[in-house]
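Engineer: My questions will all concern the structure given below.
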Amino acid sequence: MEKICVAVRVRPSSSENGSSLWKVEDNRISLHKSLDTPISTASYAFDHVFDERSTNACVYELLTKDIIHAAVEGFNGTAFAYGQTSSGKTFTMTGSETDPGIIRRSIRDVFERIQTIKDREFLIRVSYMEIYNEEINDLLAVENQRLQIHEHLERGVFVAGLKEEIVSDAEQILKLLDSGEVNRHFGETNMNVHSSRSHTIFRMVIESRGKENSSTDAIRVSVLNLVDLAGSERIAKTGAGGVRLTEGKYINKSLMILGNVINKLSESSKLRPHIPYRDSKLTRILQPALGGNAKTCIICTIAPEEHHIEESKGTLQFASRAKRITNCAQVNEILTDAALLKRQKSEIEELRMKLEGSHAEVLEQEILKLSNQMLKYELECERLKTQLEEERRKQKEQEQCIKEQQLKIENLNNLVTNSDFKTNKSEDFVSLRRKPDGRCNVSDSSDVLGTPFFKSAERSFVVARSNYSGLSDFSPMVDSLGDVADEDTWTKLNKGFVADLDQLQFTPAYKRQTTPLTAATAEHLRENHKEVEDLKSQIELLTSEKNSLQVKFHEQVVQNNKLMEQMSEIKQETLPMKEIPKRLFESVGNCKDVYKDVIVTMKTLMGEKESPTGKLIFGATKITTSLLSTLESQFSMIIDGQKSGSNVEHPLSDQWETLLGSLKNTASSLVSDAQAQNKILNSHYKGQEAAAMEEKLKSELSNIKERYNELEKKLSMDKQLLQASRESHEKLEKEVQFLKEERDSLDAAVSQSTQRLRVIASDKENALKDLNVEMKRRKEMEEEIKQISFAFSSRQRSLMSFHNEIKSKMQKLTTQNPKSK
Ligand code: ADP
Ligand code: MG
């Protein structure tokens, strides 16, 4: 039993010339009047009193260091700062760059200390939380809000779901603390306002065990809490309203309950009434630190200014009461089975030695001790029972999980059946939609892609510990139990409760529950196995479905390739057609050449250019040249259009008609002109010369006429050919377009089915992964259950034999020494 260590710290005055009202002498603080006469009622003595000039280094050295070192040895430790806002709590706990506070100094000291302990290995986990408006929020993981407090026989009070970070050096923790501070800013514009209205708790869990070849196998677990409380001022003084008022009420409530707890604890321990730890989250978390199994120090900070005098007095009264609290700190050890057996053996040996000395008093003491132990074992048996129950509960959760997986697979099936391949209407889809028992599944198709919710196992205490390779042979105890021990049992445990001998007789005989429990578990396992088999068959079906889809996909690819080939063939066919306009163009060129030859011949025949026949012929020449040029330009346009790939409309087709018309007109006018000319010639030259001339001209004219007719025929044929080629070209173009569309739609269908295949494959993979994880977990669970039942039965056996041994020895003793009774 030891008293809580209480210190007071006065912060420097905020005004320059403010002489403090509080006088500090050694470990006493007193209120002075202006004439330096102390007010008799206002003088308090504490373990330490730190004045304005004190540093955090000094506070740490004198107040906290021992607690930190004890925590490394396996004792729970708590240090907290209490006082009104701006009295220096945060300065003391967190400190400044130049003078780090208790938290930072403790972190560094813990790691320095660990370095010096060579025969033990350590595992350190840290968490950082705040209590704001009676809600616990995780400062290391913003998503963990409104956490709940649970109580466990072995672990004591703990915050469920709080992130515990395993750390290996001081720097890592300091970084975590900084990130925690950032999280504290969340939603608050004024950090100071927030901080003075929330309690923050920084927690280190220090686990250690002896390295190999060391004498003890026990694991030591200690919890170190470093707390910066909210400001303790009254709301009336702050003049708050609205949100601030609500906050104030919560702060006042939790601090008032803290005061109540401290008041009750400070009363004489014999009269000690019920302690209202459960009335606030703060007192529940600090329960072991207040009158429980922990070494605790409180630093009460006061502001020296005159207008804070009432608050300061309040703080000092709180500190005086806290000074009276006694705690019972003991090293927290968890024994492994091997260590427990070793210890029991040595104790029996010791007992035997003492029995041989046969002093009744000593014996009585020993018996008392043993009965105390028996009580402890009883409690442990109870705990094991609850653990087994917890196991069953977990099994149920797993069953639920498997059901959800089944649902997921059914959803996948639906996904497959809902895919709209026209070709995929085969019967095998129907078979998929059926459950193994033949019933049809009618799950909602809108939920097809929804991923079922998998409940992941809580990151339990054991899981956290298993990260620490050195502790793998730790006794198989599940720590994440939600069982809540009542407060009195806990207090009893903390206080080292001693039972009397009579109680030993009244202890009910142990009921061996392992067999039925194991049978029930086995039944669960069998059911689970069946479900796993079902899942497997579902996955097989899915695989076959996937394969058939793949085959279809390949078929489609082949079809697509065929279509592509056809398209290229058609393109090949269209190529010669494209040549037609070119050929026409060339033939027009030839015509032009022939025509030029004719003109040249005519020119040589014509003596006089200025004669009326000459004029006529030159007029006709011009028209024909323009006609041929038009033809040429027409064909070159068609060729250009083909090259650019555009569907050329033929704007010159009207021109064709007009040109042909004008050609005809010119030809007929030429003929009539020639005839008129003939008459004139007949009248003018009636000689032989004239007749010969006329004959020559006539034959030339008919020659030209013939050539012209030939040209016209050729032209109209070419025109027809062009028309036909244009039509067939258009037809082919349409066909190509159609094929293109068909190919595009096929492409889209193929990519859609590929997408689906991918989704199905990934879903299948996920389901398989989940299944594997589930199987693994189940195996671990089975193993754990086996170990627990084995440990349980072996412990029971040893207990019974131990019990029998004692009984027989007692009987022997009573028969040997009937007087000593
Ligand atoms: P609380 O956390 O109690 O509301 P703070 O720790 O924030 O108060 O202190 C209020 C102000 O006083 C801060 O600016 C802090 O730096 C300063 N302060 C408090 N205690 C001391 C001290 N011992 N020495 C120097 N400055 C201090
Ligand atoms: Mg503060």
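For all residues, glycine too, the Cβ spot is worked out from N, Cα and C.
Keep in mind that what you see is a predicted model, and the values were worked out from it rather than measured.
Relevant sequence annotations retrieved from TrEMBL are reproduced here:
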- 3-325: domain 'Kinesin motor' (DOMAIN)
- Gly83, Gln84, Thr85, Ser86, Ser87, Gly88, Lys89, Thr90: ATP binding site (BINDING)
- 341-415: coiled coil (COILED)
- 522-552: coiled coil (COILED)
- 694-784: coiled coil (COILED)
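Neighbours and distances for these, please.
Structural biologist: Each residue in the coiled coil (341-415) has a pLDDT score, and their mean in this model is 79.
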Engineer: Output, ordered by sequence, the same-chain residues six or more apart from Gly83 (ATP binding site) with a CB under 8 Å from its CB, or 'none'.
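Structural biologist: Counting only residues 6 or more apart in sequence, the Cβ neighbours of Gly83 (ATP binding site) under 8 Å are Lys89, Leu229, Gly231, Ser232, Cys300, Thr301, Ile302, Ala303, Thr315.
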Engineer: Across all chains shown, how many C-beta atoms besides its own are within 10 angstroms of the C-beta of Thr85 (ATP binding site)?
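Structural biologist: There are 21 of them.
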Engineer: A 10 Å Cβ contact count, applied to the binding-site residues Gln84, Thr90: which residue has the minimum?
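Structural biologist: If we count Cβ atoms within 10 Å for the binding-site residues Gln84, Thr90, the smallest count is at Thr90.
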Engineer: Going along the chain, which residues six or more apart from Gly88 (ATP binding site) have their CB under 8 A from its CB?
Structural biologist: Arg9, Arg11, Ala81, Thr301, Ala303
Engineer: Kindly assign Thr90 (ATP binding site) to one of the three DSSP-derived states: helix, strand or coil.
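Structural biologist: SS state of Thr90 (ATP binding site) = helix.
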Engineer: Can you tell me whether DSSP puts Gln84 (ATP binding site) in helix, strand or coil?
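Structural biologist: The three-state answer is coil.
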Engineer: With every protein chain in view, how many other Cβ atoms are within 10 Å of the Cβ of Ser86 (ATP binding site)?
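Structural biologist: The Cβ of Ser86 (ATP binding site) has 18 Cβ neighbours within 10 Å.
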Engineer: Under a threshold of 6 Å between Cβ and any atom of ligand 2, which of the binding-site residues Gly83, Gln84, Thr85, Ser86, Ser87, Gly88 are retained?
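Structural biologist: The ones that qualify number zero, so the answer is none.
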